[in-house]
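Annotated features, as they stand in Swiss-Prot:
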type	residues	note
BINDING	CYS12, CYS96, CYS197	[4Fe-4S] cluster binding site
BINDING	HIS41, HIS74, HIS124, SER225, SER226, ASN227, SER269	dimethylallyl diphosphate binding site
BINDING	HIS41, HIS74, HIS124, THR167, SER225, SER226, ASN227, SER269	(2E)-4-hydroxy-3-methylbut-2-enyl diphosphate binding site
BINDING	HIS41, HIS74, HIS124, SER225, SER226, ASN227, SER269	isopentenyl diphosphate binding site
ACT_SITE	GLU126	active site, proton donor
Amino acid sequence: MQILLANPRGFCAGVDRAISIVERALELFGTPIYVRHEVVHNRYVVNGLRERGAIFIEQIEDVPDGAILIFSAHGVSQAVRNEAKSRDLTVFDATCPLVTKVHMEVARASKKGIEAILIGHAGHPEVEGTMGQYSNADGGMYLVESPEDVWQLQVKDESNLCFMTQTTLSVDDTYAVIDALRERFPQIVGPRKDDICYATTNRQEAVRHLSDKADVVFVVGSKNSSNSNRLAELAQRAGKAAYLIDSAEDIQESWVEGASHVGVTAGASAPDILVQQVIQRLKALGGKVAVEMQGREENIVFEVPKELRVEVKQVD
């Protein structure tokens with residue numbers, strides 16, 4: 001049984017930055033550090049930070065005065081940001097810069113009174129944060145998930161519309177929704193550059209290549225990770241058995257029976273240690289040496305806030 005590794009896979013620049021912000025805050029300021037929502041959607045990462053003293057909360061009111069608060073990589077609404085500002089809190093923003101780009105698009109539309117349509121998944125924290133950048137009562141902010149939603153949508157002024165997207169969507173599904181938007185609202189304006197982030201696009205492209213070779217595909221990622229779910233869906237659409245797993249312990253021997261090639265990838269919030277554990281589990285089930293597939297090289301890095309870049313002095 002050959003083990004094939006998708007390339008690229010795992011951590012993206014935004015996730016790396018968000019985790020580093022929490023780690024640096026813990027190093028510089030000690031415990032506790034409060035984080036609004038899971039900093040990234042991965043159980044292993046969140047549990048590790050929790051063990052080190054991070055406290056994950058959903059409501060700003062749960063943070064005591066004078067505490068340090070970090071916003072998750074998914075971003076927050078303007079209302080949440082304003083609530084934090086009104087409190088005696090030190091705030092560090094771990095919002096992915098590519099999510100912030102979409103926030104700015106929405107804020108500009110709100111300021112100009114342009115109605116805005118967001119393509120995204122209802123209830124996802126990134127969507128809630130992005131929708132929460134719009135405040136102009138004379139305009140309008142709408143959420144659509146499918147072409148069907150587009151055809152049912154009613155807006156105030158079809159000649160004054162723009163759209164943007166969640167960063168972690170299926171590329172193919174999103175283009176289908178965009179096509180519907182352009183057909184329904186011919187004058188609608190889209191972003192100058194695609195809102196779906198480079199890491200989402202690259203990992204989806206990599207899992208397509210992986211699915212061409214593999215009989216079974218394992219996606220390392222948590223159930224609440226949007227981009228990880230999209231990877232599993234892509235492999236399934238390619239006709240392959242695909243499993244979204246949190247860890248190597250989830251793998252059942254029956255899943256790989258009769259498979260000659262087993263593929264492994266990881267969502268953008270899944271650390272490489274989990275992939276290595278999956279490889280070891282597959283080797284125990286008869287897998288050979290893992291082979292890296294060719295793919296796009298990624299060299300994007302997002303800096304942490306300057307306040308967190310200072311060196312921690314070691315005390316003898």
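Placement of Cβ uses the backbone N, Cα and C atoms for every residue, glycine included.
Those residues of the chain, other than CYS12, CYS96, CYS197, with a C-beta within 8 angstroms of the mean position of the [4Fe-4S] cluster site C-beta atoms are ALA13, GLY14, VAL15, ALA73, PRO97, LEU98, VAL99, THR167, THR168, TYR198, ALA199, THR200, ALA268. For CYS96 ([4Fe-4S] cluster binding site), the nearest neighbour among the recorded positions HIS124, GLU126, SER225, SER226, ASN227, judged by Cα separation, is GLU126. A 10 Å radius around the C-alpha of THR167 ((2E)-4-hydroxy-3-methylbut-2-enyl diphosphate binding site) takes in none of the binding-site residues listed as CYS12, HIS41, HIS124, SER225, SER269. Classification of SER269 (dimethylallyl diphosphate binding site) by DSSP places it in coil, neither helical nor stranded. Highlighted in sequence order, VAL40, GLU126, THR168, ASN224, SER228, GLY267, ALA268 have their Cβ within 8 Å of the centre of the Cβ atoms of HIS41, HIS74, HIS124, SER225, SER226, ASN227, SER269, the residues recorded for isopentenyl diphosphate, and are not part of that set. Here the candidates are the recorded positions CYS12, GLU126, CYS197, and by Cα distance the one nearest SER225 (dimethylallyl diphosphate binding site) turns out to be GLU126. Rounded to a whole value, the Cα-Cα separation of HIS41 (dimethylallyl diphosphate binding site) and CYS12 ([4Fe-4S] cluster binding site) is 13 Å. The residue listed as 'active site, proton donor' is 10 Å away from SER226 (dimethylallyl diphosphate binding site) when you measure Cα to Cα.
Summary for the binding-site residues SER225, SER226, ASN227, SER269: the Cβ-based neighbour count within 10 Å is maximal at SER269. Non-local neighbourhood of HIS74 (dimethylallyl diphosphate binding site): HIS37, HIS41, THR95, CYS96, VAL99, HIS124, PRO125, GLU126, GLY129, each in the same chain, at least six residues away, with C-beta under 8 Å from its C-beta.
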